[in-house]
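Working notes, structure below.
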Amino acid sequence: MGKGAGRDKYEPTATSEHGTKKKKAKERDMDELKKEISMDDHKLSLDELHRKYGTDLSRGLTTARAAEILARDGPNTLTPPPTTPEWVKFCRQLFGGFSLLLWIGSLLCFLAYGITSVMEGEPNSDNLYLGVVLAAVVIITGCFSYYQEAKSSKIMESFKNMVPQQALVVRNGEKMSINAEGVVVGDLVEVKGGDRIPADLRIISAHGCKVDNSSLTGESEPQTRSPDFSNENPLETRNIAFFSTNCVEGTAVGIVISTGDRTVMGRIASLASGLEGGKTPIAMEIEHFIHLITGVAVFLGVSFFILSLILEYTWLEAVIFLIGIIVANVPEGLLATVTVCLTLTAKRMARKNCLVKNLEAVGTLGSTSTICSDKTGTLTQNRMTVAHMWFDNQIHEADTTENQSGASFDKSSATWLALSRIAGLCNRAVFQANQENVPILKRAVAGDASESALLKCIELCCGSVKEMRERYPKVVEIPFNSTNKYQLSIHKNANAGESRHLLVMKGAPERILDRCDSILIHGKVQPLDEEIKDAFQNAYLELGGLGERVLGFCHLALPDDQFPEGFQFDTDEVNFPVEKLCFVGLMSMIDPPRAAVPDAVGKCRSAGIKVIMVTGDHPITAKAIAKGVGIISDGNETVEDIAARLNIPVSQVNPRDAKACVVHGSDLKDMTSEQLDDILLHHTEIVFARTSPQQKLIIVEGCQRQGAIVAVTGDGVNDSPALKKADIGVAMGIAGSDVSKQAADMILLDDNFASIVTGVEEGRLIFDNLKKSIAYTLTSNIPEITPFLIFIIANIPLPLGTCTILCIDLGTDMVPAISLAYEQAESDIMKRQPRNPKTDKLVNERLISMAYGQIGMIQALGGFFTYFVIMAENGFLPSGLVGIRLQWDDRWINDVEDSYGQQWTFEQRKIVEFTCHTAFFVSIVVVQWADLIICKTRRNSVFQQGMKNKILIFGLFEETALAAFLSYCPGMDVALRMYPLKPTWWFCAFPYSLLIFLYDEIRKLIIRRNPGGWVERETYY
C-alpha cells in the first residue's frame, strides 16, 4: 500500500517486448546502483586532477567552460522519483483487494434489480438497497484508508531539503557565490564550518576541516578532511568530501568530481526511490481470504443455480438466485472491521511511541522473524560517555547509565585530581548557555563528541568545569591535528607552592606515552620503566578491545626560572617543552547501550526473532556493543574467539563451530550471494560492521531469500534503501533523517529499540484478534445464507430478507467484531515462534469449517426454530409451508389457506413473513452473543480469560439494544419492513446460544487436554 509503488505498475505495456526491455533495463540499473562506489579521484595527484578536469588549481574554471559543462551534465540536483499520482493511490484503496469483492457484489445487486424490473414491472427494491449500501461501504472505508495513508511517501521532498542552496566557487580567479544547482564538475569550491558540501569534492587543501558523515556512513564522530590519500575505499579516505554532508569546523578547498545523481548521495537516493517493496503479509492474507470466500460463494451459487434449474425454475429466476447467494456470501462489514481494528492498534502503538504510517505494517510487524538493527542511536544512547579510566596502574569503571545509578570509583586519589584537571582544561567543549536547571547528561554541548563526553564526566565527578577553567586561565593552545595527533594547552596556575604555568596535553595514547619519561602514581612522580609500559600496553589493549575510544593524558609543571610570568609562548616556533612530560592516565569513551535494549533483545530471542546488527562502525566496537546488549550472548564465540582460545590461525577453525559471527564490510564486498546465505543460515548471532548503504540492502535481500520477514531499523540517509526494501522499515523519530522517515513504514518516536519489541507484541496480538473478529463475523453468514437456500429447495416463504441481513452485517455485528480487537493475549505471545506466512494464515480452512460448518449451522438451526414457531403460532405448520412459495408470493391471490383452513390476503401474509424476518434477525443476534464470547479465546476457556474487555461487554449491550430498537421503533415497518415481536419470541434461540457456548468450551477443553490431537488439527484456527 504505502510501499514503493514504482512507475512500472501503472504504465500500460504497449508491447510486451518493449515492456520486458524496460524492465530488464531497470533491473540492470538497480544492480548497477547496488554495486559499491568505484572511483579513483582520491588516488590522483594534483597534476593528474588538473589534467582530468581541466581546472586551474588557483583560478578555477572559466565561466564559459562552466556553462558548457552545465549544458552537458545538467543542473546539480537530484532527480525526483516517478511518483504515484494521488488519484491512483485513491483508486487502489477503492478497488484493491477486499473492496473488489464488495464492488462485484454491488454490481450483481444492480444487475438483479435490473432483471427483475424488466420481468415484473414492479420490482422488489431490496436488491437496489443492497447495491447502494455495498457501494457506500466500499467508498467510506476506502476514503478512511486513503486518509490514513495520505500522510506517507514523499521520499524525494526530504532529499530536496538536503540540497545546499548556495556554494562559494572560484571562477576566472574570482570568488563568487552561486546557486548550488549551478555547480559543475571541475569547479573549485571553498567550504567552511557550518556549510553543507554542495557536491562530491576532492580536497586539495584544508585547515582543521572536519565533516559530519553520519547521515551517509553512520559514523557518529566527525571525520577529519585533508588532501592526503589515506584509504583505498573512497568512503573512508580523508581527501573526499561528500555531497550534502555538513562541514562542522575548519575550512577546505576542493575540486568537484561529481554532481547531482552521480554523487554518492545521489546514488543512494536513486537506489531508495527505485526499490519496490513487495506486498505486505497482511495484504497477502486478505487476498488469500478473498480467494477462499469467493470460492465458497461461487461453489454454492453455481450448485444452487443448477439445482434451481432441476427444480424447474425459469432461467431468469435461477440467475437471480445465483446472484443472491453470491452476494449473501460477501461479509459486508468485514472490510470496515479490519480497517478499524488496524487503526485502533496503530493508535495504541502511537501511545507507546511507535508511529505507524502504513496500516498494513501493523500486521507485518507481528510476523517479523528477523530484525536488522542499526547500532548508533538505536541500540545505543547516541552520546559518547566516559566508560573507563586507567590511573594508579589499575582500570576504574565510570558510570555510563542513563540515570547515573551504575558503578563509581575512588575519587580521592591525587592522580585522579590531576587527570580530571587535564581532561577539563585541555578541552574546547563548553555547555551552551542557560542550562543550569537541565541535568548534566541532558545538557547541549558545543564541541565534538569525545570532548563533550569528557566535559560531562568531569562536571559530574568534580563540579563546575567553568570555574576550574577560570582558576586556570588558558594562555595558549595547539589544537588537535592529524599529523601530531595531540592537543595541548598552557594555563596560568595561581596555586601556592606550584609553578606558575601548567602544560596539559591529550591525544592518541601511544603518541602521548612516547612524549613522556615519567608517570604519576598515587600522586608521586615515578620514572617510566618497561614494567609500567607493559601495564599501559595491556590496559590500552583491554579498553580498545571493549570497542572504546581511548585517549592518553599527561602534564608538566613548567619551571618558573625559564617561564616567568608574562612569558611569550609561541606555537609556530615552539619555545616550550613537548617531550619528557609526566604521564597521568587513560580515559576511554563509548556510546553505551540503552538501558532497555538487553531486555528487548532477550524478548526477541524468546519470541524466536533473530536480531542482526548492521553498522558502519568498527568491528571491535560493534562486537563489544553486541555483547553488551545480548545480540552475541554469553558463551557464544566467533571464529576469532575460538582461534584465540585454541591458539591456532583463524583459517584452521571450522566456521560452523562458531555460533556468533562478525562480518567486515570489506569481506562482504567479495562474497557471493551463496556465501552470504550460508552465513545467515548457519550463524544464529550475526554482526555486520563497516557496512555501506548498498551492503545493508544486500543483507536485507539475503534474509528475505531465506524466507524471513525482515524489519530494518535505521536513522541515516544511508539506511533508506534497506528501509524501503524491508518488509517493514522502522525509522528513528528524533535522530532520523527526513529521508529515512519517508522510506520507513513505522517511526519510533523515542528512537528506542525496545519500542520495536512492543510493536512486535502489538502486531502479534492484532493478528490473533483479527482472526477472532473474522471468525465472529463469518459465522453469521450461514444463518444468513441458509434461509435463502431452503427458500429455493423447499419452496417455503422467505425466512430472512436482504434488509435484515444488512442490519446484521453493518449494524449489530460491527461493534462486537471491533471489540475483539481490544481482547488481551491468551498466553505470552512473545514466547511463541514467529508465524510462518506459508502455513499459518489469517483465515484458513479450519476457521472456515468452524465458522460455517459448526457454529454457523447451530445458529441457523436457532433461526429456523424461531421462524417455524412464529409461523405455527399464526396457523402455518411446518408441513403446510413446504411448496407454498408461489401462491404466497403472488400478489393477486388473496385466499391462501393455513393449516387450520383460515384464509390469508397477500398483505396479511407479508406482515407475517416480515415479522418472521425480524424474529430470525433477533435470533441471530441472540446466538451471536454466545459466538462473541467463544471468539474471545482460541484455546483457553472463557473462564480462564475472564470478561475484562469492557468494550466487548458494551458490544453485547449495543447489539441487543440496536436489535430491540429496529424491532420496536414506530415506522420501522415502513422503512425496513421490521415488525414488533412478542417478548417470548426472543427466547426461542436461547437454547441454541447455550448449546454453542457448551459445544465450544468442550472443544477447547479437549484441545488443552490433548495438544496436537485430532480435535486440534481439525478445529484449531
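Cβ coordinates come from backbone N, Cα and C, glycine included.
Different topological domain names are assigned in Swiss-Prot to T116 and K841, which places them on opposite sides of the membrane. For the ranges 727-749, 842-864, the feature annotated in Swiss-Prot as transmembrane segment maps to 842-864. By neighbour count, meaning other C-beta atoms within 10 Å, the densest spot among the recorded positions K485, D715, D719, S941 is D719. K485 (ATP binding site) sits 32 Å from D719 (Mg(2+) binding site), taking the CA atoms of both as reference points. For the region 'Disordered' (214-233), same-chain residues at least 6 beyond its ends with a Cβ under 8 Å from one of its own Cβ atoms are 42-43, 203-206, 239, 241-242, 244-245, 247-250, 252, 264-265, 268, 374-377, 382, 384, 448-450, 482, 549, 591, 615-617, 666, 692-693, 716-719, 737. Same-chain residues lying 6+ beyond the ends of the topological domain 'Cytoplasmic' (1005-1021) with a Cβ under 8 Å from its Cβ atoms: 771, 775, 844, 846-847, 849-850, 854, 938-941.
Per DSSP, the topological domain 'Cytoplasmic' (151-286) is made up of 34 helix, 49 strand, 53 coil. With helix defined as DSSP H, G or I and strand as E or B, the topological domain 'Cytoplasmic' (822-841) counts 4 helix, 0 strand, 16 coil. For the topological domain 'Cytoplasmic' (937-949), same-chain residues at least 6 beyond its ends with a Cβ under 8 Å from one of its own Cβ atoms are 768, 771-772, 819, 822-824, 826-827, 1001, 1004-1005, 1007-1008, 1020-1021. With DSSP states grouped into helix (H, G, I), strand (E, B) and coil, the topological domain 'Cytoplasmic' (937-949) comes out at 4 helix, 0 strand, 9 coil.
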